[in-house]
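Reviewing the structure listed below.
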Amino acid sequence: MPSIAAQDAKAFDETSDAIDSVNALKGQIWNTASEFDASKDKTQFRQYEDACDRVKNFYKEQHEKQTVDFNIKARVDFKSKKRARMGVWQAMEMLNTLVDESDPDTELSQIEHLLQTAEAMRRDGKPDWMQVTGLVHDLGKLLFLFGSEGQWDVVGDTFVVGCKFSDKIIYPDTFAANPDSVDPVYSSEYGIYQPHCGLENVMLSWGHDEYLYHVLKDQSTLPEEALAMIRYHSFYPWHREGAYQHLMNEKDLKHLEAVKAFNPYDLYSKSDERVDPAKLRPYYEQLIAKFFPAELDW
Ligand SMILES: O[C@H]1[C@H](O)[C@@H](O)[C@H](O)[C@@H](O)[C@@H]1O
Ligand SMILES: [Fe+2]
Ligand SMILES: [Fe+2]
């Protein structure tokens with residue numbers, strides 16, 4: 001039996017190895033841009049300072065209400081309820097009634113956004129699994145039709161709850177109204193978490209990413225990268241701004257790379273040409289059949 005001191009030293013070495021490799025790789029990953037990224041004028045997107053009141057009010061409410069208590073309750077509710085049973089295309093059609101209040105960049109319907117994302121990936125020759133991930137990535141917004149409290153617990157960028165709210169989140173001042181921001185534990189650097197504990201062990205603000213990840217992880221044959229794309233695609237303070245590095249482990253580096261490859265298709269396809277869902281349906285139905293059962297529990 002190694003002594004406690006030796007075990008501590010080993011644990012410390014492992015943590016510092018993880019930190020070293022996070023540090024070595026992160027610069028490379030955070031700075032990568034894809035071909036698709038390069039062809040778009042980025043100044044047209046995510047201009048939150050100039051956004052309309054609809055968007056600003058949305059985030060004011062979300063940042064006030066996403067507390068640790070709420071997040072625990074949302075996860076318990078998720079596990080204890082049955083919502084619906086249907087296929088992927090039917091879910092896309094059902095989602096179409098939602099107009100996302102958090103989005104300053106598109107007025108198009110959700111089905112069009114999903115198809116635009118997938119089509120942009122298809123044009124760039126991305127693999128089947130990634131195209132289908134693009135196709136489904138926002139289906140978690142169905143939560144809104146399944147009894148969410150509003151849009152604030154469904155859409156918008158995500159962030160970590162249970163530790164200090166990062167100033168890399170858009171409209172950071174609005175967290176002053178969140179009771180967790182004056183809680184001595186929840187407002188500290190690490191809060192309820194351990195250094196480099198890994199993002200799978202932290203609570204991201206509840207919404208469409210987290211919900212869909214939990215729905216699909218056991219009901220699809222999507223690879224790990226695809227599930228990371230779904231789970232973290234709204235986590236802009238992390239994947240775009242480089243926040244929360246003190247909570248990352250090595251697995252998250254791989255996930256970061258996947259999310260960074262996904263993001264430009266989600267964001268910049270919003271300015272692409274309109275698509276015709278009826279025309280595209282046969283192609284995507286055969287992709288859906290490769291990765292999902294005919295019906296899923298939502
Ligand atoms: O407003 C958008 C929302 O429409 C997206 O679905 C989400 O992923 C983004 O992070 C958010 O900023
Ligand atoms: Fe999204
Ligand atoms: Fe999206």
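Glycine is no exception: its Cβ is also placed from the backbone N, Cα and C atoms.
Fe cation binds HIS113, HIS137, ASP138, HIS208, HIS233 as TrEMBL records it, and from the list ASP167, ASP173, ASP180, ASP266 the residue named for this site is ASP266. Residues LEU114, THR117, GLY140, LYS141, ASP209, ILE230, SER234 surround the recorded Fe cation site, their Cβ atoms falling within 8 Å of the Cβ centroid of HIS113, HIS137, ASP138, HIS208, HIS233, ASP266, which are themselves excluded. Within the group of binding-site residues (GLU101, ASP138, ASP157, ASP266), the Cβ with the highest number of other Cβ atoms inside 10 Å belongs to ASP138.
Between ASP266 (Fe cation binding site) and SER234 (substrate binding site), the C-alpha separation comes to 10 Å.
Taking ARG46, GLU101, LYS141, SER234 as the candidate binding-site residues, the subset whose CB lies under 6 angstroms from any atom of ligand 2 consists of SER234. ASP138 are the binding-site residues among ASP138, ASP157, SER234 whose C-beta comes within less than 6 Å of an atom of ligand 3, given in sequence order. Among the binding-site residues GLU101, HIS113, HIS137, HIS233, the residues whose Cβ lies under 6 Å from any atom of ligand 1 are, in sequence order, HIS233.
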